[in-house]
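According to TrEMBL, the transmembrane segment annotation covers 46-68, 88-109, 176-196, 216-233, 245-269, 316-337, 357-379, 386-408, 414-431, 451-471, 491-509. Under the heading domain 'K+ potassium transporter integral membrane', TrEMBL lists 54-358, 359-452. If you look up TrEMBL, you'll see 465-700 marked as domain 'K+ potassium transporter C-terminal'. If you look up TrEMBL, you'll see 597-627 marked as region 'Disordered'.
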Amino acid sequence: MDSVNSEPIDEENCERGSMWALDQKLDQPMEEEAGRLKNMYREKKFSSLLVLRLAFQSLGVVYGDLGTSPLYVFYNTFPDGIQDSEDVIGALSMIIYSLTLIPLLKYVFVVLRANDNGQGGTFALYSLLCRHANVNTIPNQHRTDQELTTYSRHIFHEKSFAAKTKRWLEAKVYRSNALLILVLVGTCMVIGDGILTPAISVLSAAGGIKVDHPKMSNGVVVVVAIVILVGLFSMQHYGTDRVGWLFAPIVLLWFLLIGGIGAFNIWKYDHTVLKAFSPVYVYRFLRRGGWSALGGIMLSITGTEALFADLSHFPVLVVQIAFTVIVFPCLLLAYSGQAAYLMKNKDHVYDAFYRSIPGTAVVIVMLVTTFLMILIMLLVWRCHWILVLIFTILSLLVECTYLSSVLLKVDQGGWVPLVIAAAFLIIMYVWHYGTLKRYEFEMHSRVSMAWILGLGPSLGLVQVPGIGLVYTELARGVPHIFSHFITNLPAIHSVVVFVCVKYLPVYTVPQDERFLVKRIGPKSFHMFRCVARYGYKDLHKKDDEFEKMLFDSLFLFVRLESMMEGCSDSDEYSLYGQQTERSADFLLTTNNNDNTFSSNLEPTTSSNDSIIPVKSPSRMRSSGQASSQTEVDEMEFLNSCRDAGVVHILGNTVVRARSDSKLVKKIAINYIYAFLRKICRENSVIFNVPHESLLNVGQVFYV
């Protein structure tokens, strides 16, 4: 049985007494509310002219690394010089089939189709898997998530191979953890490669100055490269659209020039290099000892991952057209022309390019994508296992061959991206581990709504005017910070809203579907739960509208509820018993001088803003009139409470390792995770909570 907090089954089978039944009535799940949301998402359609325009614009954003690879591939392939012309043909053949198998066939025609509603990258693949299998390590999934228009998924037949794969993946916890680590490794490798690749490309381009000025020192080249890099990165804040239009003509001209020069060199120097299109020369090259040169050849496909990672900026068709029409043929001509030139000028391999660090993380990212694509093809696309096997064999045959070669060059500079990636991997994993433990603490230390209401008479709670927004990561149950708050400060606001900020495995949540609102208990309680849902591409950016949108959703819910019910729901809750009613009324009914108890649960507001029990409107007027009047009364009450003041109650949770924990765990939790929490923005900053309206509730727990 699905649950928001993924509670264990034994918890549901226990406490079947009256208190358990009451809590289920008080805090209902949100399936009904989720079903009311409109379907707003529609697949965008593009005209032919717009597709061509975007294809042109994508040249300035996506293909920078692939386009500059010809600057340094042959130099890194033959760092000790060219001994035999046959080696040039073999290297060219390896480049041709590497570009054909990896960027063209694997990425452009297969991987790009595995996008998450237009979003690409490792996290997009992971989000698809999380929606089709229960592999999310933070157990906050619920059926209401599937009602989102961006939450696309397939239903498996129980006997299908996809269903068997799903059950195998979900059977053991370590498999979900292994999948998460694989995703983090791929992401960190992209970061490690992305830090170095622009520097390598620009440094190699700047090295061309030494062709006409051979006496120029390398230091001058480095300074020129730094100036260019600073200029390039300073332009990125203008956005993808402007950067694309600025660099698209330059990159297009670059591809046309290197393609045209390549065709000229083939005609002028040696057209026999075209025999490299025969795969026989790949076999001959490897047999002659070319395996050690694969590290340099692999540089010809650096930047391939950007085809998928940058997919969010452009539609799939746009990337496919730009690569197949412009990039791919121009690169083939450029490499073939260089090979033709080197056939006649073997000694010029040093003068053509500037030496660069071998870019090692690239092939690891490709391997991660391959493993994730295997699961995508099985679970999402439900491909036949033979097609999956063919894709796997072809991908691993090329990528594992390159990996075996580049591993030997780790000591020649390939260790740099690996160290960077390892540092980011530690940071990401520790952050995830600490977040998971904090969520588990919240889930296991939560208290039932019925228990909170039952504490009313013993605590002597005082009702204060205003609305209290209690932030929590739980979409059901009362968070520990709230019970901790009312235990130490026995007071409660006239209206209490439990706000759950939830992150889903989708790229975005449409704004009209962002908030789910549900009433907790009868109307006289004035308690609500609001789930604010975000995707991995949604940014908060000090959202000034968060509080306004929350209250708009709350008021809309009250109006819709009155229209759909058409009558009071006091009779529904009359079965809870006299003791529970008195506890609820003690919490939510006050007068100027004393607290009163009543079995009538329908409130109204008086001139002094106190809540006075009155007779049920359903007994005094028709159900339609009662519904309208009840809606007006509650709307007026909510507005008056909002005018009285809104208080944001946030938990300031400190996570510490137990004294008997291992040293590694103490370092990870007490230092690394604590440091990351300290430098990260708090929810009060994310949601732009005014300082005077903020109430932090501190607590410490040990893991």
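Just so it is clear, glycine is given a Cβ too, placed from its N, Cα and C backbone atoms.
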Recorded stretch that, among 88-109, 176-196, 216-233, 316-337, 491-509, has the most CB pairs under 8 Å to the transmembrane segment (46-68): 316-337
Helix, strand and coil counts within the domain 'K+ potassium transporter integral membrane' (359-452) (DSSP): 82 helix, 1 strand, 11 coil
Stretch with greatest number of CB pairs under 8 Å, the transmembrane segment (316-337) reference, 176-196, 245-269, 491-509 candidates: 245-269
Contacting positions for the transmembrane segment (491-509) when only residues 6+ beyond its ends and CB under 8 Å are counted: 116-119, 124, 126-128, 130-131, 136, 140, 145, 148, 150-151, 312, 461-475, 478-479, 482, 520, 526-538, 550, 554, 587-588, 611, 637-638, 641, 644, 647, 683
Cβ contacts under 8 Å made by the transmembrane segment (176-196) with residues that lie 6+ beyond its boundaries: 121-123, 125-126, 129, 134-137, 169-170, 302, 305, 309, 357, 359, 361-362, 364-365, 368-369, 371-372, 375, 416-422, 424-425, 428-429, 432
Whole-number mean of pLDDT values that fall within the domain 'K+ potassium transporter C-terminal' (465-700): 69
